[in-house]
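The following features are taken from Swiss-Prot:
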- 1-34: region 'Disordered' (REGION)
- 7-28: compositional bias 'Polar residues' (COMPBIAS)
- 56-92: region 'Disordered' (REGION)
- 83-92: compositional bias 'Polar residues' (COMPBIAS)
- Asn536: N-linked glycosylation site (CARBOHYD)
- 573-593: transmembrane segment (TRANSMEM)
- 615-635: transmembrane segment (TRANSMEM)
- 647-667: transmembrane segment (TRANSMEM)
- Asn691: N-linked glycosylation site (CARBOHYD)
- 695-715: transmembrane segment (TRANSMEM)
- 725-745: transmembrane segment (TRANSMEM)
- 763-789: region 'Disordered' (REGION)
- Asn819: N-linked glycosylation site (CARBOHYD)
- 826-846: transmembrane segment (TRANSMEM)
- Asn866: N-linked glycosylation site (CARBOHYD)
- Asn874: N-linked glycosylation site (CARBOHYD)
- 899-919: transmembrane segment (TRANSMEM)
Amino acid sequence: MVRHDPFTNSVSEDSSFTPSVNPSTPYPQSGHYRPYYPPQLTYCQGQQGYQYDHTGDVGYGGRSRRHGSWASVNNEDNEELTPLTTGPASSSTFLTTDPYLSGGPDLPLSSSSASISSAGADFLRRQTVPRRGATIKKIKLTNGNFIADYPVPGPVSSSVEAKWLNDKTSNEFWHMRYTAATCDPDDFTPENGWKLKTTSYNRETELLVAITSYNEDKILYARTLHNVMLNIRDICNTKASKFWRRSAEEGRPGWQKIVVALVADGLDPMDKQVLDVLQTIGVFQDGILKKEVDGKKTAAHIFEYTTQLSIDATPQLVQPHPGDPNNLVPVQIIFVLKQENSKKINSHRWLFNALGRQLQPEICVLLDAGTKPGHKAIYHLWEAFYNNQNLGGACGEIHAMIKKGVKLLNPLVAAQNFEYKMSNILDKPLESSFGYVSVLPGAFSAYRYKAIQGRPLTQYFHGDATLAARLGKKGIYGMGIFTKNMFLAEDRILCFELVAKKGEKWVLQYVKPSKAETDVPEQAAELISQRRRWLNGSFAASVYSVFHFFRLYRSGHGPIRMLFLHIQAIYNIFSLIFSWFALANLWLTFSIIIELLPESANINLFGTADITHWINLVFAWVYLAFLMLQLVLALGNRPKAEKGLYILTLWVYAFLSFYLIVCSIILSVVAFKGALRDGGSIGAKLGNLFNSTNGVLVAAIMSTIGIYLIASFLYRDPWHMFSSFPQYMLLAPSFTNVLNIYAFCNLHDVSWGTKGSDRAESLPAISSSKQKDGETAVVEEQQRSQGELDESFKQVVRRAVAPYKPEDADEKPNLDDQNRTFRTRLVVVWLLTNAALAISIQTLNGLDTTKPLVEACLPNSYNPENGTVIVSTNGTCITQALEHDGDKLQDKQQIYFQAILWTTFALSMVRFIGCVFYWAMRQMGRCWRRN
């Protein structure tokens, strides 16, 4: 079998085809079902070019094709087969011109370079513009609720493969359902008249995959959604699982057991270009959003549709090709667009309480928009639950997106990459072995739905600001600042509550084969702001889990599991203590080691002892000065307004870290040489090495680096040790001194509250009227014709696949930032000048000369390295030596204090003279005062 490069345009002639631009049969009208598939095909005599979706997916394999048969290059677990996309060399059933070439004849240049702000304005216009001569349609309300089905554009419904169109009684592929939910998520129930279209198909839901978003751009959103659809395709096509294979054999395709929920946190912050992407695949439509229904404010706009289309991160349109076994399968999508920005916890309440209660899924997979699940990542998570009935939650490996190593040129990205890697190699496996993973990251994790019901979700949702009035003192209004910070890491609360659930024995697990990529902050200001929430939330949640450990005794865990949990609790307590004192320990390590080198090893890196002493002293002052600077910055400035000072701090601490590393290496070499010179056996030499002061340093360095290396090679993932470890070592002090200080100084910032939507105010409101029977409530709405819908859809596709040009996000300091900056500069100068004066007076003597003076009084035979010895000494000489340096310093300091006292006296005398002069003039004035 001949195998081809999967990224070439070479395909055998007999297997080439091109979807017709103008199908012989028109688009199906609403309510009718398309009698044909595929569209008329035009077979080319020459080679037809194809474009593969090769956007740098990590771990994705290739594919080869010859005479219509597909062969795996690798085995099924390691191979990712991506569907074909319509590229410049192929035609599209959607548009008569290539939508991917910006500035084409039917695509104005402005549309491909539209800014985000103009996209938002255009979005508002499309929601409110009236259509003249439109047909008026009456829509019945369901128990007073607005729930309506809308025809999808013809190209969307025409894209579905014929093999999925068996049910002629269903409009699943022809109509999209819109629900204007005017209730709280807890009240979104069939009893209250709210019923999802997906539940009407009477299908069991095995997997509910949720993607939560805030203001991510269309590239980030498409990256996540497209790779989720690839994962669903791989689940349905897998031959490794009897569960999914049996389901397909019984006539229940796997995709019918999977639902994708998209939850957007607010109409106002959402990138409107994302809505173009969703509209292209049929999950959204312009002009149907309702602000109010009979005076009841819409809380969420819910769209439901089953689509076989996708847009990848290029962005390019991905549509099925007849006979291609790598086509995407249909995906049931529920899009929940919240009217207001009410935070991620509220988005999860819509997911678990509104959608979950109706769908009753077995497993819920949580993803953040921008996270890119790898090949079979979702399948590996599901497999872990399927094979362990006591598994309540799981997470995969999240690693930094490094763009084939290009982003590692940024030291911040490299340092974070090392953090992610070592966490996945050391921390997560350890916690998984105990059965309690302290945090299942919300960006990529999964929960068994029945496991989180009850107290876990109840406690979790106490942090929802929209429930504050209902919960009273149990909500955020009754929480202290420490408890509020705990909910900044709400995923940690859910993890602990799940493991400690009364009468249950749920465990948490780390699933190594399940991998996902995520973007990491590339700027210092972004990293500082992100870690504030992480550090404060994780610290508060760690304290919470320690103080509530007794609740584990009410769970159903066995004695062996409880033993493991006790060991883990002790480990967590020690880790918490070390984290608390990290600031002091880092300073002590730095100050002791840089002084240890010239004192114990008698090595002066800067020539003489005097110069080395002063340079080390300056380094220590600089260290403390920038530490003090962090306190001033953190207490009064936003990181984005002080980018320059924060970047300077990172560079300074990186230099000091480099100096510390050099000193440590030299001390280690000296210790090894000393051990080799000592007599005795190898055991004695090792004992002398590790019992000495330098030996402890050697042991610490060897154990840390050695453990990192061995563990990385054990997991066959050592490359970060060479590409990211040096950057991490240089930035490690900044992670403690900068990030921790900023986090604790902003402990009060818990970012509660909701933000209203200005754009929602411009949406239309609807009011119902009674029918002639006086009971049925209906609303009147303009109905678009299929032709108008298809015509406007062309513009939607053009906007969706237009090259993305992000808006300039360089935020300029506002007036308040400028005022704070001036205050910060003034306070820093004030503190530094005072500190400089105090330190300079305390160190007027320079290098301590007491030791050589004392040694001069001792006999020449004295050798302190021989142990405790008794020698004859000159007591008077030693006394004078000890007093000499102190007297010398005292003499210099007395001069300074004399100057201070005389200056104080002079200033006081000036004030006194002024006082006397005023008194004299006042007394003398009485003589010539006129009455």
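Using the three backbone atoms N, Cα and C, a Cβ is placed for every residue, glycine included.
Recorded stretches compared: 573-593, 615-635, 725-745, 899-919; the one with the most Cβ pairs under 8 Å to the transmembrane segment (647-667) is 725-745. Highlighted: of the candidate stretches 573-593, 615-635, 899-919, 615-635 has the greatest count of Cβ pairs under 8 Å to the transmembrane segment (725-745). If you look at the transmembrane segment (615-635), the same-chain residues 6 or more away from its ends with a CB under 8 A from one of its CBs are 587, 590-591, 594-595, 598, 606, 642, 645-646, 649, 652-653, 656, 659, 737-738, 741-742, 744-746, 824, 827-828, 831-832, 835-836, 839, 843.
Among residues of the same chain six or more beyond the transmembrane segment (899-919), none has a C-beta under 8 A of the stretch's C-beta atoms.
There are 26 other Cβ atoms within 10 Å of the Cβ belonging to Asn536 (N-linked glycosylation site). Under the DSSP three-state reduction, Asn536 (N-linked glycosylation site) is assigned to helix.
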